[in-house]
Amino acid sequence: MENITDFHFNLSVYVNIGFYRYPAFALGSLLFAIIVCANLLITLVISRERTLHEPMYVFVAFLSVNSLYGSAGFFPRFLMDLLSDTHLISRPACFTQMYIIYTYASYEMTILSIMAYDRYVAVCDPLHYHSKMTPKTVSVLAAFAWICPTISVLLCLYLTVRLSLCGSKVQKLYCANWNVVKLSCETTFINNVVGFLVTIITIFFPLLYVLYTYFRIILVCRRSSSDFKRKVFQSCFPHTILFVNYSVHVFCDIALSRLDIENLNPLFALILSLEYVMIPPILNPLIYGLKLQEIRKNIFKLFCKVSLKIP
């Protein structure tokens, strides 16, 4: 069959909402602006303050940078589609968006995993924390967090790009790998196997590792004082909230990609598609900016300095 998707895919989940597209555009633009400002603020505060040049805060800055990266790959196109009557996206733009969103998702999981390792060392082996979490170790962990997901995503995209496609209808608000693979005219066995292995490596292995680290932390806390438990709770609670929240969003997105959206409630499918790329970028700076005392204190200090300079 002739390949009809050489030029454009059709993002079919978008529906004509008439006048409501303008309030939706305004709300989306406001959310995008909040995400950019909040994550830039966290990154700026951590980079400026030497007291925050500790592994835990460096990893928080990584999360904020990744949120900016993922939001930049989704929101501009999403906002444009809200105002458009047609929702066609070129093949190069589709695969570019796919690369950004999938690497963003993988980076988020690997960063949260190395943050779990940092908390594990801090709680379970505090006497050797500074000898283990050296700048060199942080650099190696950061390289792992960025490089491994990049290779995995590029492999999946390579296998998808080489497919001959017999359709153009992508049942999602953005380009997603499995939705494009389902348009293939040929067998997708290799894509399925590689996709399954990449999902295990980038999602399930980090999930199991984080669960293991928190199991060990809980065992240590059971034998410790109430004051120690309180400090551990304050330190680990933001990470726990973010990790559980993000894991739920990832599993919902994986399930949504495997289901036929036409058989689902349109509003339900829309919410599941949006939460994956909208909630974590706004939740990360709010949780860490409000819960971690050092970051919160330095944010207030920065605002005080700015307000004093304003005549």
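We number each residue from 1, going along the chain as drawn.
Cβ atoms are placed via backbone N, Cα and C, with glycine included.
Those TrEMBL annotations? Automatic predictions, nothing curated.
Annotated transmembrane segment per TrEMBL: 20-45 (among others), in sequence order.
Positions annotated as domain 'G-protein coupled receptors family 1 profile' by TrEMBL: 38-288.
Residues 25, 28-29, 31-32, 35-36, 39-40, 42-43, 46-47, 89, 93, 97, 100-101, 103-105, 107-108, 111-112, 114-115, 118, 138, 142, 145, 173-174, 242, 277, 280-281, 284-285, 288, 292, 294-295 of the same chain lie 6 or more positions beyond the ends of the transmembrane segment (57-79) yet place their CB under 8 Å from a CB of it. If you look up TrEMBL, you'll see 57-79 (among others) marked as transmembrane segment.
Summarising the annotation, TrEMBL assigns transmembrane segment to 99-117 (among others).
Summarising the annotation, TrEMBL assigns transmembrane segment to 138-161 (among others). Under 8 Å from some Cβ of the transmembrane segment (138-161) lie the Cβ atoms of residues 55, 58, 62, 95, 98-99, 102-103, 106-107, 109-111, 113-114, 117, 177, 180-181, 190-191, 194-195, 198, 201-202, all in the same chain and six or more residues away from its ends.
TrEMBL lists 193-215 (among others) with the feature transmembrane segment.
Residues or ranges marked as transmembrane segment by TrEMBL: 236-256 (among others).
Cβ atoms under 8 Å from those of the transmembrane segment (268-290) belong to residues 13, 31, 34-35, 38-39, 41-42, 60, 63-64, 67-68, 70-71, 74, 101, 104-105, 108, 172-174, 238, 241-242, 245-246, 249-250, 252-253, 256, 261, 296, 299 of the same chain, restricted to positions at least 6 beyond its ends. Annotation source TrEMBL lists transmembrane segment at 268-290 (among others).
For the transmembrane segment (99-117), the list of distant contacts is 56, 59-60, 62-63, 66, 69-70, 72-74, 141-142, 144-146, 148-150, 152-154, 156-157, 174-177, 202-203, 206-207, 209-210, 213-214, 239, 242-243, 246, 250, 253, 276-277, 280: same-chain residues at least six beyond its ends, Cβ to Cβ under 8 Å.
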